[in-house]
Amino acid sequence: MLRDLFVKKKKYAAIPSEQVRKDVPDGVMTKCPKCKKIMYTKEVLKNLKVCVNCGYHHPMNAWERLDSILDEGSFREYDKEMVSLNPLEFPNYEEKLESDRKKTELNEAVVTGEGTIDDMLVVVAVMDSRFRMGSMGSVVGEKIARAVEKAYDLQVPFIIFTASGGARMQEGILSLMQMAKTSVALKKHSNAGGLFISVMTHPTTGGVSASFASLGDYNLAEPGALIGFAGRRVIEQTVREKLPEDFQTAEFLLEHGQLDAVVHRDDMRESLRKILEVHQGGEMAVWQS
């Protein structure tokens, strides 16, 4: 014991017990993946899920997105009960679909319907990346095509918010067919004088970026959104060149003429309202059957 008085004891960092770590319930705090700042989740939600420190746009689910742009209580959903099957009998596909349905409380990776922005009627589709990474299968393509056709019938603008990893591999060619189907529906809408606004959010890639996401009369994007067809590494290996650091970001695409504007989430509803207001009357009122 006397020896202990003259020996410097090593100091160790105290590791909190499992019970102490559980004192902070899940979901109370949110860590920004960009600036690493830890904030109260309620502050992030209050700011439309935009980091108050660096402006990083956290992903929004479909319902959060609809609430942020439409007049309160105006949304009426289309085709809610449509669900994907497994036509190619892809192993474990049904289980993955069911898991995502329980996790997201959605039947598929897109929510479609109609609502108003400042009392102006629009048909809207919002992709939700929580469901199979927002991938486009036969039901996603069908719901979007039907929504476009509804906009055509109602003679109102169509708005889509994209967030997708591309075509859904478990549905093979049936998934790839949706690229053509949605594009044809949009062409019909456009030929009749219909307005189409595409808003690309993080990420918008693969077959979605190569089809309806890029066909808007106005192509908008959120800051920092990843937008592209093939992945960065695949392109670098193919062209044998190092790509710019900001390659495939919304800002890069805007600089190179592929977007009309990069719009902060705080300004999105007002930007859409202004576009809709500009297109009221005039040639927009002339529809061809």
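The chain as shown is numbered from 1 upward.
Here the Cβ of each residue, glycine as well, is placed from N, Cα and C on the backbone.
It should be emphasised that the depicted structure is a prediction, and the values quoted were computed from it without experimental measurement.
The Zn(2+) binding site annotation in Swiss-Prot covers C32, C35, C51, C54 and rests on sequence analysis. As annotated by Swiss-Prot, domain 'CoA carboxyltransferase N-terminal' applies to 28-289, with the evidence given as sequence analysis. Annotation comment: Swiss-Prot describes 32-54 as zinc finger.
Here the features listed in Swiss-Prot are painted onto the structure.
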{"residue": "C32", "record": "Zn(2+) binding site", "Cβ within 10 Å": "18"}
{"residue": "C35", "record": "Zn(2+) binding site", "Cβ within 10 Å": "13"}
{"residue": "C51", "record": "Zn(2+) binding site", "Cβ within 10 Å": "20"}
{"residue": "C54", "record": "Zn(2+) binding site", "Cβ within 10 Å": "12"}
Average model confidence [pLDDT] within the domain 'CoA carboxyltransferase N-terminal' (28-289): 94
Per-state residue totals over the zinc finger (32-54) - DSSP helix, strand, coil: 6 helix, 4 strand, 13 coil
Env. residues of Zn(2+) site, Cβ within 8 Å of mean position of C32, C35, C51, C54 Cβ: P33, K34, K36, K37, V52, N53, G55, Y56
